[in-house]
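K.L.:
There's a structure below that I have some questions on.
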Ligand SMILES: Cc1cc2nc3c(=O)[nH]c(=O)nc-3n(C[C@H](O)[C@H](O)[C@H](O)COP(=O)(O)OP(=O)(O)OC[C@H]3O[C@@H](n4cnc5c(N)ncnc54)[C@H](O)[C@@H]3O)c2cc1C
Ligand SMILES: O=C(O)CCC(=O)C(=O)O
């Protein structure tokens, strides 16, 4: 059986985690990651990295729950190993709070995170503007550490990693048997996919080591997420806004909103502003496509469009993408054995 050559386009969270899963589950192929940007310069580096799912309106809930569970279980295992600090994975406990009682008192992911329960009246006294809350423990990634850890694992396994911008996936036809497209918001231009759009997110990364519980307003706009090296304060969700430069007014607004929830943040130091464009889509595109030119074929597997929830589901979607890669390999084996007959 020929050793199949697979190119993964994109070195953000989705490209690297898909490449890692291919290497782990299909050892008979060689993997090359090709990307114009790497950590610390990807959208994935800007993220808070919290495992709190966002709902994709175009995907059945049972599917999203499975992706979340697979991701949670995978990272929990890393968290319980000696790799945890290198990979930047840790547990974090805290509260999601609501000004009015939400429709969904028990979200679909409540039995995946640890110790999910309603907040007590005593706990709610910390948030006098809020009437209801949920307490739980989840996982968080320190995003640059996690990306670097995956990149090192790939290189350690003999995979190649190249910096290059791809204008057209067909450029890869002569060297690779299969292409896996994990180019995030880049797919709008690369694939001409107008279903993917940016949702601009501005966050502050601050030094406030005394803050160690997360706080998330149920409206999803204001959050305080303590991490290994800093605390992420959020945020903004600006649909169809491509501006990557920070907006000082948004920074002040974010800071004020977060201080209203956690007044001790007034003393936060070393405030850095980061902006990222969430690669948003009604549904993650997990699909096979065969590109055909001049009678020649190039199988492509798409895995992009994770919007606000990439960290929460990445291992599950990597597994689904690798299943599709396996189907492409089986089809190639089938056509090469027919050719020999
Ligand atoms: C402010 C903010 C906070 C967030 N917080 C969380 C959170 O707490 N939890 C959570 O689950 N999710 C969160 N997210 C969402 C998460 O960041 C995304 O879902 C995830 O990072 C998407 O990963 P990606 O690999 O698809 O995209 P990217 O990280 O953008 O990676 C895409 C890669 O493709 C490459 N590429 C693109 N086009 C080309 C091309 N033509 N040629 C070569 N390479 C190309 C890019 O250079 C890049 O390496 C947050 C997002 C933002 C912006
Ligand atoms: O929504 C959250 O609480 C996590 C952060 C996030 O996913 C985002 O800002 O997109």
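Glycine residues also receive a Cβ, built from the backbone N, Cα and C atoms like all the rest.
Predicted automatically and left uncurated, TrEMBL annotations should be read as such.
When I checked TrEMBL for this same protein, it listed these features:
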- 43, 44: FAD binding site (BINDING)
- 223, 278: D-dopa binding site (BINDING)
K.L.:
From the binding-site residues listed here (43, 44, 223), select those whose CB sits under 6 A from an atom of ligand 2.
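P.N.:
Result: 223.
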K.L.:
Counting other CB atoms within 10 A of each CB, which of the binding-site residues 43, 44 comes out lowest?
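P.N.:
Fewest other Cβ atoms within 10 Å, among the binding-site residues 43, 44, is found for 43.
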K.L.:
Are there any residues at least 6 positions away along the chain from residue 223 (D-dopa binding site) with a Cβ closer than 8 Å to its Cβ? List them or say none.
P.N.:
48, 50, 214, 215, 216, 217, 232, 233, 234, 235, 258
K.L.:
Should we count any of the binding-site residues 44, 223, 278 as near ligand 1, judged by a CB under 6 A from one of its atoms, and which?
P.N.:
44, 278
K.L.:
Cα-Cα, whole number of Å: residue 44 (FAD binding site) versus residue 278 (D-dopa binding site)?
P.N.:
9
K.L.:
Measuring Cα to Cα, how far is residue 43 (FAD binding site) from residue 278 (D-dopa binding site) in Å?
P.N.:
7
K.L.:
Give me the non-local Cβ neighbours of residue 278 (D-dopa binding site): same chain, 6+ apart in sequence, Cβ-Cβ under 8 Å, ordered along the sequence.
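P.N.:
For residue 278 (D-dopa binding site), the qualifying residues are 43, 185, 198, 199, 200, 201, 237, 307, 308.
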